[in-house]
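Trainee: For reference, TrEMBL lists these features for the protein:
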- 10-439: domain 'THIF-type NAD/FAD binding fold' (DOMAIN)
- Cys162, Cys165, Cys439, Cys442: Zn(2+) binding site (BINDING)
- Cys177: active site, glycyl thioester intermediate (ACT_SITE)
- 205-247: region 'Disordered' (REGION)
- 217-229: compositional bias 'Low complexity' (COMPBIAS)
- 232-242: compositional bias 'Basic and acidic residues' (COMPBIAS)
- 550-636: region 'Disordered' (REGION)
- 550-574: compositional bias 'Basic and acidic residues' (COMPBIAS)
- 575-589: compositional bias 'Acidic residues' (COMPBIAS)
- 626-636: compositional bias 'Acidic residues' (COMPBIAS)
Amino acid sequence: MGEMATAAGVLGADLHNKVNNSKILVVGAGGIGCEILKNLVLSGFKDIYIIDLDTIDVSNLNRQFLFHKQHVGKSKAMVAKESALKFNPNVSITAYHDSIISTEYGVNFFKQFNVVLNALDNRVARNHVNRLCLASGIPLVESGTAGYEGQVELIVKGKTKCYECSPKAPQKSFPGCTIRNTPSEPIHCIVWSKYLFNQLFGEEDGDEEVSPDTADPEAAANAGESAMATDANEKGNVERTSTRSWAQSNDYDPEKVFTKLFHDDIKYLLSMADLWKERRKPSPLIWSSIPEIANNGQSTGQGLKDQKVWSLKECVEIFSESCRNLSAQFKKLPEGDHMVWDKDDVDSMNFVASCANIRAHIFNIQRKSRFEIKSMAGNIIPAIATTNAIVAGLVVMFALKVLQEELEKCQCVYVRSKPNHKLQQIVPEKYLSPPNPKCAVCSPKPEVTVRLDVNKQTVKDFVEDVLKKSLNMVAPDVMLMPSGSIIISSDEEEMDISRLALTLADCNIIDGSMLEVDDFLQNYNLTVKIKHREPGRDDPLFDVIADPDLLKPTEEAESDKNGSKNGEGDAKGYEDDDDDLIMTVDDEQLVIPGSSSTKRKVEEEASVPVKKRRTGNSNEMLATPVEDDDDIAIIE
């Protein structure tokens, strides 16, 4: 009774009554999610739902205070519920150990809530929740932190910009041939090592090859010819086998794997003479010679265990041990299953760190500590518990304002690492940011133009790469207009599987074709206009354009912009010149362009347009733990 009286006294009778009768959904039970749940319970909320697919790891315990050592390995959502109830056992908390992208959590599920509070760091999940809140008309409070910085914003259909109104910073990318042939930075070796993990133990991806790239345009036309001739059979053909098949045939023997990767493949690269005319040649390693050269490299340094730079000998020993351990784990999996790389798994992290440092040594690149490699491999900015607490407090304050229907007071708020010129570290915007009228998600008639080669793009690649990966759909249905021909059906019984191998042109999808795309799970409809384009050598296979002005010639676009009456364009009011704006993006893996842009110019471009990693089919997406810790993000 005392707690109820205190809450009523602080909130006021009217707001306290609304809090008592509201139903809240918290998506994510990581650093911010735990703080939000605790704040909701202590603020008097009585009916709370929380969902998270992740389990508790030891690395979570320094900032996710609802979890303790005895909880390691258990469901975050379930343990968060148990811990929060200790603050007030009279609260009703419903916990789901599940993915928010599951078909069970559709529009009708979201409609039961008064407000949804996002505590995620995964762009796929954020996009999905954003679309379901728009479809259901439920206010969404979005949040995120990165080190000492963070932000909180309100998303309400028709009144504020949605999560997808603003373009997100592209992921940093590198040409595939740089990763495979001529690494020059530690990150190149780290990405190669993560690819190697997937090739050996994870989900195999043709865009993540680790073998030398003989099609590198910098190499001579007969690059690697002598090495290939050596491998030719009696008919003169080279019999190809996958890295995994080869490793399995050799029982993942560490010495044999080492010899292939760090001796034979390097010798193969050396046969591409043109690559080394202006570069320092790599030095192949011999397994039996490692002890003699182990201490000839850089100093191992001092400090904490993870911050020590391993010697080459230590790298080889750790590689051998982690390779054996991972292969033993992999062999226990059901046939067809695979492992998933996890920066917090000791063997997985040791494997990537040791391989990256061995490859770095070969290419005369500075080796890095395990701690540094873990940070780069996971795109990690250290999570700060106090920042999580500040942001979580702001999230609940936003929720209270939403219940009071004071949306105009919910301007986006930024938590800064340093005071601004007004000595503010918690900085609100001056006004609500209106929706982007050209947004491909929340505009009245969402429409995008996709530029691609209709004669080469298959239906399968269009669905997986364009609709699911780039446009973040889960279960799209595609209809060709105006004929009404069904190109893709999310219903497996209705879908003609043989059509997936056809090109778009084979399905009468040509330059100027209009497609109506509907995702029933997200209640999202989109018009896609196809524009035929034959990509150049360094261009991506496709690009998606939401703003039609970007398709016009430069002079015409400028004329439209400058010629509008009183300078008022369609997007006026959406532009934001607030210098306090930060862009928080997600803890996603570095992605290397594959078939969309695997070649580089001789001038060695620093980066190329990105082609993201395939995400698999919708069923695979539903099984992916997208609700990772919310408090690790990258600010660019």
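Keep in mind that glycine also has a Cβ here, set from the backbone N, Cα and C atoms.
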Trainee: Taking the centroid of the Cβ atoms of Cys162, Cys165, Cys439, Cys442 (Zn(2+) site), which other same-chain residues have Cβ within 8 Å of it?
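Mentor: Output for this site, in sequence order: Leu134, Lys161, Tyr163, Glu164, Pro435, Asn436, Ala440, Val441, Ser443.
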Trainee: For the binding-site residues listed here (Cys162, Cys165, Cys439, Cys442), tell me which residue's CB has the most neighbouring CB atoms inside 10 Å.
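Mentor: Selected residue: Cys162.
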Trainee: For the residue listed as 'active site, glycyl thioester intermediate' and Cys165 (Zn(2+) binding site), what Cα-Cα distance in Å is obtained after rounding to a whole number?
Mentor: 34
Trainee: Starting from the Cβ of the residue listed as 'active site, glycyl thioester intermediate', draw a 10 Å sphere and report how many other Cβ atoms land inside it.
Mentor: 21
Trainee: For the domain 'THIF-type NAD/FAD binding fold' (10-439), provide the mean pLDDT of the predicted model.
Mentor: 87
